[in-house]
Structures are given as C-alpha cells and as structure tokens.
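According to TrEMBL:
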- 260-342: domain 'Cadherin' (DOMAIN)
- 343-454: domain 'Cadherin' (DOMAIN)
- 455-566: domain 'Cadherin' (DOMAIN)
- 567-674: domain 'Cadherin' (DOMAIN)
- 786-807: transmembrane segment (TRANSMEM)
Amino acid sequence: MWSAAARDLPDAPKVDAPGRARHALREFTWRALFQHSSKGRYLATCLQQLRRQRRVRRASLSARSRTGSGSLMDYFRITALLLTVFLQAFSLGRCEEAPPPCEPGFISETFILPVHNVHLNRSQRVGKVIFDDCSGHQRTLFSTEDTRFKVAPDGTVSLKRPVKLHNRHRNFFVYAWNSEGKKFSARVVMQPELGTNDPPSEVDSASYAQPVSTEPVPVLEFPQSSHGLKRRKRDWIIPPINFPENDKGPYPKEVVKIRTSNDKEAKIHYSITGPGADEPPKGLFFMDKYSGQIFVTQPLDREKQAHYTLFAHASASGGTPVEAPMEIIINVIDMNDNKPVFTEDTYEGSIPEATQVGYDILIVTATDADDPNTENGEIAYSILSQDPKEPNGNMFAINPNSGQIRLNSPGLDKEQYPQYTLTVQAADQAGKGFPTTCTVLIKVTDSNDNAPQFVESKYTASVPENKVDAEVVRMQVTDEDEPHTPAWHAKFRIREGDPGGFFNVTTGPSGQEGIITTAKALDYEKRNQYTLLVTVENDVPFAIKLPTSTATVVVNVEDVNEAPIFIPSELGVKAAEDAKVGERLATYTATDPDTQMKQSIEYRMAPDSTGWLSINKTTGAITVKSPMDRESTDVVDGKYKALVLAVDNAVVPATGTGTLQVILEDVNDNAPTIDEREIKICNQDPEPVLLSVSDKDGPPFGAPFSVQLFEQSLTNWTATMNETRTGIILKLKTRLPQDKYNVMLTVSDNKNFGQVNTILAFVCDCKGKDVECGDKLVAGMELPGILGILAAVLLLLLLLLLLLMFVRRRSKVKKEPLLQDDDVRDNIYYYDEEGGGEEDQDYDLSQLHRGLDNRPEVFRNDVAPTFMSAPQYRPRPANPEDIGNFIDDNLKAADNDPTAPPYDSLLVFDYEGGGSEAGSLSSLNSSSSGGEQDYDFLNEWGPRFKKLADMYGGSDD
C-alpha cells in the first residue's frame with residue numbers, strides 16, 4: 001500500500017542536494033502517516049480520486065524541474081495538501097468512495113477440479129470449493145445434486161462410491177446456505193488432465209487446474225483513454241486472434257490474455273460475452289476474471305463456424321465498468337480435415353464413334369468442406385485407370401482443375417468397344433492431400449455413316465378431294481446404322497411438286513416409314529394430279545458425305561359429289577311486313593362446283609315454324625307464302641332469317657345451304673294496349689291510378705298516345721295522358737258503392753290507330769291511397785254470391801250420390817247368361833309342337849334343306865345382291881340447320897338402294913319327305929279339297945271374312 005501511495009507523489013528533481021532533501025522529507029512523511037493510523041487502507045482509494053487532478057499539475061511541475069526553476073515551496077505545498085487529506089480521512093473515517101461491502105457467495109461460479117484418471121475410488125478427495133458468507137465462519141452446510149459426491153463443511157469434495165467419468169468429464173452443481181438461509185449454487189467440473197470441459201465465461205484462476213500448455217499467447221490491452229489537456233488518441237485496431245481447428249489441447253487452452261492499464265490502481269474483474277461464451281454455442285470460451293486469460297474448452301471446427309466475435313469487459317470490484325467493451329475476433333484456422341466428395345458416385349456420358357480428338361464429353365465435380373482459399377480446399381483431378389485399354393490406354397484425358405473429360409486419342413469403334421469405364425480421382429491440397437474416387441461410364445454411340453434408302457423409287461396413290469389429313473401413301477426405307485438411334489431414325493421432306501403446301505409428310509411410329517397426308521383440301525376441278533419428289537435423311541447429319549435417296553409420288557385427286565354453293569352465302573332483302581301473299585322478294589340461286597358431272601339443282605325452303613316463304617324449285621325465286629308479322633318472336637331486331645336449300649340430282653344428292661335475311665319494314669298494324677288489366681281504387685278521396693300503355697309497332701307508330709273514355713265510363717271516370725303521353729291517369733270522379741266496374745277506354749297511337757281497352761276496377765269503401773276492400777268482395781265477388789255457389793255445389797254432390805245408389809240397385813237384377821252351361825261348342829286349340837312322338841327322337845335337320853337342293857333351277861335371292869353396288873349415304877352434317885336435308889337425302893338414297901333389306905325371297909315348300917304313310921296336307925295340290933264344303937257361313941263373320949267368303953262361297957264368276 002505504501003508503494004501504491006508513493007506512486008501518486010510527484011517525482012522530485014535529482015539535480016541538486018536540496019532536491020534530494022525534499023524527496024527524503026516526502027518519503028518520511030508518507031511512511032509515518034501510513035504507519036500511524038489503522039485507516040491507512042482508505043488512503044489508496046482516496047488518492048485514486050485525486051490522481052486525475054494531480055496529472056494536470058504534474059505536467060507543469062515536470063517542466064519546472066527540467067528547467068531548474070522549481071522551488072522548495074511547491075513541494076511543501078503539496079505535502080501540506082496531502083496532510084490535509086489524511087487528516088480528513090482520519091477524522092471522518094471515509095472518503096468520497098467507500099470500499100464495497102462484503103457479498104456472501106461462492107468465490108467462483110465454476111470450480112474445475114483436475115483428476116488423474118477417469119476411474120475414481122470411494123472416499124477419494126478430488127478438490128475443494130470455497131464459500132464466503134461474510135461472517136468469518138470457516139464451516140458451511142453444503143449439498144450436491146449428484147448423490148455419488150459429497151462436500152464436507154470445509155468445502156472438500158470427495159466420493160461416496162466409485163465413479164467412472166463418461167465423455168472424459170463430469171459436471172454437477174453444489175449448493176450452500178449462508179447464515180440468513182439464502183441458497184447459493186456453483187458448478188463443479190471433474191476435469192481429467194487431457195479432457196474437455198464446459199466452464200462459464202469467467203472463473204477464478206484458483207478454482208481450476210492450470211493447463212499444461214506453455215505456448216505463448218498474445219496479450220491485448222484495452223485502448224487507453226486520454227484525459228485533461230492531452231489530445232485524444234485514435235481508436236485502437238484490435239488484431240484478430242487465430243486459433244487452429246481440431247487442436248489437440250490440452251484443454252482448457254489459453255487463447256489470448258486481456259489486461260487494462262487500470263489494473264495497477266484497483267482490483268479489476270474481467271469477463272467476456274458473445275456467441276461461444278454466454279450465447280449459443282455456450283461454453284466454448286471462458287475467462288479468468290482476475291488474470292484476464294481467455295481459454296477455449298474444446299477443439300473448434302471451422303466447418304461449423306469460421307470465427308467468433310467476443311466482447312471483453314473490465315470492471316471494478318463493485319461492478320463499475322472501468323473500460324469500454326473491447327471486441328475480440330477469434331478466427332478458426334482451417335486444417336485439412338475433410339476429404340473431397342464427388343457430387344455423384346457414377347457419371348455417365350456418351351461420345352459418337354466418329355468424333356474428332358479434343359471433344360468434350362462430360363465434367364466431374366467434387367467438393368471439399370475445407371477453406372477453398374487454402375490448399376486444403378484446392379482439388380486436382382486425375383484418371384487412375386481405363387477399361388478396356390484398347391486401342392490404347394490414354395483414350396481420354398481430364399483437366400486437373402475443372403474435371404472436364406475429353407477425347408485424347410482417335411480410334412473409337414462402337415462395334416468393338418461400345419463402352420469405357422474410367423476411375424477418376426479427386427485429391428485436395430492440389431492433388432497431394434486426401435483422395436477420393438468415382439466411376440465414369442462413357443458409351444460409344446453409332447455415327448451416321450449410312451444413308452437411308454427408299455424401298456421403292458416411285459409410288460402412285462389416289463385421294464378424294466376436299467379431305468384434310470387424309471392419308472395418301474406410306475413409303476418404306478431401310479438404314480444400316482444401329483436401330484433406334486438418331487443415326488437410324490428417318491426424316492422425310494417434300495422437295496418438289498407442292499408449292500401450295502397441300503401435302504404433309506411425317507415419320508411413322510416405326511421410324512423407317514414416311515407417311516404423306518393432305519394438309520389442305522384438294523379441288524379436283526382445279527387440279528386433279530400432283531407429282532411429288534420426296535427425300536429422306538436422318539435426325540442427325542451424316543458423319544461423312546453421302547448421297548441422299550429420293551422417291552417420286554404421283555397423287556391422283558378423285559372427284560366427289562360436292563354440294564351446291566350459294567353466292568353470297570347470306571342474302572339480304574327488304575320487305576314490308578304486310579307484303580301480299582305471292583309477292584316476289586328475291587331470286588337466290590347456287591352453283592354446282594362439280595362442273596364435269598353436269599348435274600341439275602333443285603331449290604327448297606328449309607322447314608321452320610313460320611312458313612312465310614316459298615321458293616321455285618327450278619329458278620330459286622322466293623315469294624311470300626303467308627302473311628308476315630314483324631312483331632313475331634321469330635323476328636329479331638326487325639330481321640327474319642330463312643334457310644334455303646340447293647339439292648343436286650346425284651345418286652346420293654348433296655345439299656348446299658344459304659341464308660336469306662329479310663329486313664321487315666314496320667307498318668302500323670298493332671293498336672296500343674293498356675298493360676294493367678285490373679286496378680283497385682277507394683271511393684272516397686281516391687288517388688289517381690297511372691296506367692302504362694305499350695305498342696308492338698316501332699317508334700314511327702307508337703307514342704305519343706291519346707285516350708278517350710268510352711260510352712258509360714264517361715259518367716264516373718276521367719282519363720288523361722301524363723306529361724310524356726306514354727301513360728294514362730285514371731280518376732274516379734263520382735263516389736260509387738263498393739263493387740267491381742268495367743272501365744272502357746279507347747287508346748290510339750300518333751297515327752290515330754286505336755282500339756277499346758277494358759279495365760276491371762275494384763272500387764272499395766276506403767279513403768285516399770290506402771286501398772283496402774272489405775269482406776263484401778272476395779276475389780272480385782261479393783260474399784253472398786260466394787255462399788250461393790257453395791250451396792249449389794253441395795246440392796250437386798248430393799244429387800250425384802243419389803244417382804249412384806239408384807244405379808247400384810238396378811245392377812243387382814240377375815240377367816240370363818249369353819251362353820248356357822250345357823252349351824257345348826267347339827274350342828280352338830293351338831299346338832306349337834309338331835314332333836313325331838316318343839318314337840321319333842332322331843331328327844334329321846338336313847331334310848329341311850332338300851327343298852331347294854332338289855330344285856337347282858330356282859334362284860334364291862333372299863340375301864343381299866353382290867353384283868350391285870350400294871349407294872353412298874350423306875354423312876351427318878356439323879351444322880344443325882342441315883339435319884332436315886340430311887334426313888331427306890338419305891331417305892331418298894335408301895329408297896333407291898337395291899342392297900337394303902328386306903330382300904325378295906322365294907321359299908319352296910313342296911317337298912315333305914319320302915316314305916310317309918300320311919298323304920299330303922297341302923290344299924293346293926288336292927283336287928277334291930273344298931268341293932263339298934259350304935262356305936256361306938263366312939258371310940256371317942263380318943267384313944273381315946268377306947273376301948274369303950267371295951273366294952270360296954261365291955259363284956263361278
């Protein structure tokens with residue numbers, strides 16, 4: 001303490017004897033003061049507070065001493081000042097800042113107890129923990145969370161039973177209570193000499209085993225802060241600390257040491273914070289709170305975390321910071337602890353056999369988790385082996401840096417060596433470090449050195465006109481290259497003969513077949529034959545120069561019956577809706593595109609719901625067949641559309657359609673009407689009723705409207721038009737009894753064309769606009785009338801019931817049956833079986849066919865004739881409007897079809913077998929059949945048997 005206080009005195013000049021005397025006087029005075037009082041321990045604290053004030057004076061005193069101008073009075077003045085301070089300290093027993101009070105607790109949060117073996121014996125002492133309860137007692141009550149350990153009252157830790165330290169360390173907590181009953185805890189780490197532990201971010205240097213490592217570590221000092229008149233220094237740049245990964249220890253191992261210049265003035269406590277200390281991953285670093293040493297507790301892995309940023313703190317014993325936090329960056333130095341890894345175990349590539357040297361085949365890639373900026377992450381590639389080694393062992397080469405594999409030597413032959421297997425190595429440290437290998441499979445593919453050839457050089461085909469995507473011809477080719485490869489697969493092209501693009505050629509599913517189809521509809525009348533020149537190649541170009549095979553295709557276009565065409569397809573005409581029946585509207589004709597068939601055309605009107613028009617089947621003149629109505633629902637926006645048909649006279653007729661659009665001009669043929677048919681109105685202070693008026697005719701014959709009451713309605717009602725003259729305001733001008741009344745009004749349009757409209761008005765006993773009718777009117781009828789109707793209905797039901805009872809009594813009278821029980825009459829029985837009885841069990845069905853077999857001159861035509869061609873039926877149209885024509889055309893074709901059933905049949909029944917004991921049953925061959933039979937009774941059987949009676953019962957004529 002004396003030395004600490006002596007440092008605070010100004011240095012005495014040593015240039016002369018008076019200076020030495022003053023220095024001796026100062027030393028004597030301080031020594032006497034420190035030995036005089038028991039409170040001298042406070043002086044150092046007080047001097048620390050005065051130190052900053054003294055630094056200003058030191059500068060001037062030092063300058064004076066160097067120039068020799070200092071005086072002895074200056075030192076005596078300082079000495080007097082210090083004596084005053086001491087006296088104040090002795091008298092008051094305190095200074096500006098009293099020492100911190102004692103706080104009970106463990107002297108460290110973690111106690112690291114070193115052991116020499118992982119196997120610990122019973123009763124073995126492993127260390128000691130220290131607890132200060134500030135009462136001066138040397139014995140404390142302890143307990144542990146691990147029952148295998150015990151702690152004596154003096155803090156000695158021993159074992160209750162043998163223990164083996166797993167994972168080379170064992171952690172547990174110990175607890176202690178002070179005199180006030182407060183509980184405290186600390187962690188104990190059983191640390192073998194070469195093991196690892198997990199201490200907190202700060203510990204006491206006395207509580208853990210010092211590491212064996214003697215390697216020097218860097219010392220970092222907190223940046224100094226300037227005070228007083230000195231200029232503030234620039235911020236210090238703290239260099240990062242480098243620590244190798246996977247270091248073998250021993251642990252804990254010192255990384256760096258931190259100190260502050262204020263540690264000479266007071267006791268400093270050091271601590272660290274940040275990831276790795278008090279933040280995840282916790283426990284990697286801790287700091288000795290007294291010495292400032294930072295330790296790492298276990299090996300670091302750069303691949304998990306490349307650097308750690310910690311903050312060092314320095315504080316006084318009372319917890320007051322004496323320095324700003326200092327950032328410490330610890331870089332984990334990479335070590336070569338990871339092997340390269342290929343992205344794939346097996347790589348596959350291919351190369352054509354005719355490829356030139358230097359062709360790039362594929363790239364192999366390996367990665368290394370080590371630092372890529374060092375040799376540990378620098379990968380070099382090489383080829384270890386090649387199988388097969390023919391034609392030479394260096395057929396392939398690899399770029400050592402990129403892993404690109406290329407062809408290094410010519411001589412590939414797909415037929416002899418279809419595949420090569422390479423073993424490729426990747427090693428770090430530029431090929432000198434850890435190696436790893438992968439397999440590369442290189443397939444040699446066939447080159448296109450054979451051109452495909454057409455099987456035939458010329459093809460002839462026919463296709464009907466007007467068909468799209470119709471198949472024309474299939475052309476076969478051959479290729480000697482490997483099947484099902486791009487060098488074998490054929491590709492066709494039409495080189496000449498199709499400038500209009502009417503045809504398309506594609507490759508068939510087999511890959512060796514070309515299919516020509518129509519891309520557009522062909523027209524026989526324009527061109528009936530095409531000559532195409534087709535070439536064939538492969539999907540890939542030829543590896544060498546080869547001639548291209550060609551084929552000639554002659555396409556003949558077949559003429560088919562085409563439907564007539566209306567020009568234009570839609571014809572518009574104007575006509576008044578009151579056009580007279582028979583009035584000619586237009587002539588609508590079609591032309592037949594089949595110019596060489598010389599066919600005639602017949603015109604028809606397609607059936608519709610109106611039937612307003614008719615057409616001359618020869619000339620196409622369209623006339624009015626029945627009166628037209630512009631207000632009909634078939635007329636849209638004043639336009640009526642009718643479908644016109646043109647049918648040729650081919651064996652299978654073809655029908656063309658055209659649309660006639662008739663724009664109907666409106667005429668004033670509809671009088672305006674009142675929309676409301678019934679109204680309700682009060683007979684007292686009635687509210688006028690607004691009636692709306694509408695006219696089916698167009699605007700020229702509509703509003704403004706006019707109204708006039710008719711006959712007797714003038715007496716009780718008034719009717720006027722509203723402002724827009726599109727509605728009628730109806731008022732009741734006289735009070736009428738509650739009843740229903742007919743109001744007749746004549747409504748006319750602006751052309752004075754009108755008609756009488758009748759409105760049923762219900763007059764109710766009410767007032768104003770709240771119309772409410774009483775019970776006298778129910779559904780427009782008074783209550784007495786309704787009761788009368790119900791009574792009449794009930795009376796009618798009663799009469800009906802009496803009539804049914806009367807009819808039922810009369811039906812009980814017994815009538816004589818038409819047929820007596822003893823009347824025996826012949827009955828008709830139906831026998832569907834004609835078997836030969838029990839003895840006839842073997843049936844010879846061939847006898848049924850001998851009728852025609854014995855009559856070869858008879859021609860049997862009950863099957864479809866094979867010598868007559870069947871007509872062609874019209875396919876179903878896509879346009880629904882053509883359905884009618886489709887049915888008519890096909891019905892006409894079926895009527896003229898000789899091959900359609902039923903067929904005329906001739907069946908022979910005159911053979912009934914031979915050797916039968918019974919005679920013939922046929923009446924046609926019996927000469928005596930019917931001679932003696934009287935058929936006159938057939939006339940009594942009704943008109944259905946009249947013809948039969950005339951045939952058999954009549955006279956000879």
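We number each residue from 1, going along the chain as drawn.
Yeah, the Cβs are placed from backbone N, Cα and C, and that goes for glycine too.
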Residue distribution over DSSP helix, strand and coil in the domain 'Cadherin' (567-674): 0 helix, 49 strand, 59 coil
Residues in the domain 'Cadherin' (260-342) grouped by DSSP into helix, strand and remaining coil: 4 helix, 37 strand, 42 coil
Secondary structure content, the domain 'Cadherin' (343-454) (per DSSP, counts of residues): 7 helix, 50 strand, 55 coil
For the domain 'Cadherin' (455-566), the number of residues DSSP places in helix, strand and coil: 0 helix, 55 strand, 57 coil
